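Lifted from TrEMBL, the feature list:
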DOMAIN    288-377  domain 'Histidine kinase/HSP90-like ATPase'
TRANSMEM  12-31  transmembrane segment
TRANSMEM  37-60  transmembrane segment
TRANSMEM  65-82  transmembrane segment
TRANSMEM  88-106  transmembrane segment
TRANSMEM  118-138  transmembrane segment
TRANSMEM  144-161  transmembrane segment
Amino acid sequence: MTGELSATAATLVRRQWPVAVVLLVLIAADLTGTSSWTAGTFIAVTQMLVTCVLAVLSVLHPQRVAILAALAVIIGSALLTSVEHGSVGLHVASLASLVVVAAEVIGSNPAAAAGGAAAVLIAASGVQFGMLGVAAGIRPVELTGFGLALCAGSVLGGLFLRGRVADRARAAAAEVAAARQAERLAMAREVHDVVAHHVTSIVVTANAQRWANRDDGTGSPFVELIVREGTAALEATRQLVQTLRFEDSPGSTDLADAVAQAAGRCAVPVDVRIDLPERLPGELQSSALRIVTESLTNVSRHARDATRAVVEIAVTGAGRLCVRVRDDGAPGTRGRPERRRGYGIVGMVERAQLHGGELHAGRSDTGWEVEAMLPVRRP
């Protein structure tokens, strides 16, 4: 709790100190010229202080603060209509209200939320300006035009700052994407230059030993196993390098194509069933593809007597991406990891947890099943 309060205070100091300083200077200047304090003065000053505090807090919850600011101005205006008062606090309160409007435009829907809040604030402030304007001989049309001009300026300023914030967010996202791609390329080079090189050496050496012992009949089944598993590992390494070098696909159609390619490399026939919307977040697609690829790799390596596998990918009604891979391998199949969970399954579980989801792998009634449930956050 203390940490959250500290973070909130740090956010306010970092983002709102210019607003706080300007409002404090205006408050001090407004109060300095006040010679007599009446009931109306106390009401106006209270209204001013409340709206100024809300203006500083507007970056935290724009919509809630806008509602509170509107209530403060309306209640203050209603109280001021029944007492005599001057202009103390009214100008600063109106300025703080416009800051709240601009903050709401930046942080929420500028057309709906800010428009409604601005209308309430203008109506309430108009009561105060109207009283002062009547006393000074100013026509209502002039006051209304002045209030609308102030509101329009506040909304336009909020829209400008909203665009700047969006530009900064896009630039930051581009920098993060570039950094991620650079890291992926560095990892791809490392895997290609080191891991793939050593695996290739193992496969070449084992093949040479197999061919050398071909004629005299002294070949070992372990050599055949090394060649087979080494070749599979080399192919998996090449796929990993290709995955690291290219960005995630932006569309679900590309995900379906990638899953179809992974199914084509499986040792058993694969039935692919995919029902997805037009777009899913790229990170979610990448994780789904990795889960499918790892699961089908396990089918090829461990489900020796499996005759078919099924891949199902769909979005459930609860807004979760369901990725399910199952095969019909019989229980107790030689080579199937019964006692321990391999690093592949651990990696899939970690991928699911990274998205706030979960993954289960184990025996089913018909064979082996891997099921992941990943929350969908629309791009």
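Quick reminder: no glycine exception, Cβ is built from N, Cα and C everywhere.
Automatic prediction, not curation, is the source of TrEMBL annotations.
Under 8 Å from some Cβ of the transmembrane segment (12-31) lie the Cβ atoms of residues 45, 48-49, 52, 55-57, 59-60, 88-89, 91-92, 95-96, 99, all in the same chain and six or more residues away from its ends.
With DSSP states grouped into helix (H, G, I), strand (E, B) and coil, the domain 'Histidine kinase/HSP90-like ATPase' (288-377) comes out at 27 helix, 29 strand, 34 coil. The average pLDDT the prediction assigns to the domain 'Histidine kinase/HSP90-like ATPase' (288-377) is 81.
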